[in-house]
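Have a look at the structure below before the remarks.
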Amino acid sequence: MILFSFVTYFTSTLLAACYRSGDPVNGKRNYTYMDAVRSNLGGFKVKICGWVQYLNLFGVAIGYTIASSISMMAIKRSNCFHASGGKNPCHMNSNPYMIAFGIVEIIFSQIPDFDQLWWLSIVAAVMSFTYSTIGLGLGIAKVAETGTIRGSLTGISVGTVTQTQKIWRSFQALGDIAFAYSYSLILIEIQDTLKAPPAESKTMKKATLISVGVTTLFYMLCGCMGYAAFGDLSPGNLLTGFGFYNPFWLLDIANAAIVIHLVGAYQVYCQPLFAFIEKSATERFPDSEFITKDIKIPIPGFRPYNLNLFRLVWRTIFVIITTLVSMLLPFFNDIVGLLGALGFWPLTVYFPVEMYISQKKIPKWSTRWVCLQILSIACLFITIAAAAGSIAGVVLDLKSFKPFATVY
């Protein structure tokens, strides 16, 4: 985790420097990740970047839908267990919860632009701190209650899983960690909302240091205390491991905070994809009123809301598709691992390194060039291993899976 945090911080500072072409203060702005690649690298790499970035954003929406349904079911099961005194096993289907999350996202997806999400982003950040703190506190309490630190330095015991499964799961875990640090794919879009002066790259580098530092601290604390509390039985979602009894209300608060956080995070990650499709449609069909016309809807006490029919239809269809795919593939850990693997090397490492080399005109085979290429190749190997582990996990899950009938 510490290694991933260092790599993410370092490559994010390289990427932040690519927001402007030429002069870091007055140079031409690159409003999106694709624009930055176009300005610095050009050619076929722009299309590759676009495909990888937007497929990843689509995948993130699926991962967040699955995660939110798990937390919503945890609340329902907790209350069901409490009401029945543990006599009812409280099995339930995840589909209604994914549909409910989808309906909420259809509403929020009508927020027109990325810069109008600031309030939702703040709410999501507060919720993130809430459930992380509760999870950490319960982990410490569990260790104190049992008086033993479970788990080992070598990880899950062979016997609980086979040697082969352990290898695949270790690789998959690399993808999960990569996903946890995968904000490079929207870094340029976030940087585009910053005010200057000071230079956007300077502000972004400071914000990156703080955010990577704080998240790594919480990841380490929650990860280590969670493993110490549960050992080989550690669940994919830490908060579902504490049972469904007291303090059941505290677990409900934490799981509700996860759902609220994911509502906001879904929008933050999907807005760049929304903007790309809408911009492309406007450029292709500039005379279509369906795509370009805004209908002003008065809202008492607020500015009129600009309703765009294309935005309404396309974003609604997008949310419906991500919800249906989530219902088809509800394997949270494996899907997250695969997404983290596919996005980590190209978007977090390769493009930032290549753009930095191009922008700073670093000569081939110089010490700095060689070091950057070694970093890139090492991260490529990590990505391949993580992808292999996650695919193996999905294949294993599919053997005992019935579409649209997943019961927990």
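Cβ atoms are placed via backbone N, Cα and C, with glycine included.
Automated prediction, rather than curation, is the source of TrEMBL annotations.
Look at TrEMBL and you will find 1-395 tagged as domain 'Amino acid transporter transmembrane'.
Using a Cβ-Cβ cut-off under 8 Å and counting only residues 6 or more beyond its ends in the same chain, the signal peptide (1-16) has close neighbours at 36, 177-178, 180-181, 183-184, 187-188, 191, 200-201, 204-205, 208-209, 212-213, 215-216, 219-220, 223, 348-349, 351-353, 355-356, 375, 379. If you look up TrEMBL, you'll see 1-16 marked as signal peptide.
TrEMBL lists 54-75 (among others) with the feature transmembrane segment. Sequence-distant contacts of the transmembrane segment (54-75) (same chain, six or more residues past either end, CB-CB distance under 8 Å): 92, 94, 97-98, 100-102, 105, 179, 182, 185-186, 236-237, 239-240, 251-252, 255-256, 258-259, 262-263, 265-266, 269-270, 272-273, 276, 318-319, 322-323, 325-326, 329-332, 335-336, 338-339, 342-343, 347, 408.
Here TrEMBL flags 117-141 (among others) as transmembrane segment.
Counting only same-chain residues 6+ beyond the ends of the transmembrane segment (207-228), those with a CB under 8 A from a CB of the stretch are 1-2, 5, 8-9, 12-13, 16, 132, 135-136, 139-140, 143, 149-151, 180-181, 183, 187, 234, 238, 241. The transmembrane segment feature in TrEMBL is assigned to 207-228 (among others).
Sequence annotations record features per position, and here TrEMBL assigns transmembrane segment to 248-269 (among others).
Annotated transmembrane segment per TrEMBL: 312-332 (among others), in sequence order.
Feature annotation from TrEMBL assigns transmembrane segment to 338-357 (among others). The list of residues near the transmembrane segment (338-357) in space but at least 6 beyond its ends in sequence, with Cβ under 8 angstroms from a Cβ of it, reads 7-8, 11-12, 14-15, 17-18, 33, 36-37, 40-41, 45, 48-49, 52-53, 55-56, 59-60, 63, 174-182, 184-185, 369, 372-373, 375-376, 379-380, 382-384, 386-387, 389-391, 394.
The transmembrane segment feature in TrEMBL is assigned to 369-396 (among others).
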With Cβ-Cβ distances below 8 Å as the criterion, list the same-chain residues six or more beyond the ends of the transmembrane segment (117-141) that contact it, or say none.
108, 111, 193, 218, 221-222, 225-226, 228-229, 238-239, 242, 250-251, 253-255, 257-258, 260-265, 267-268, 271
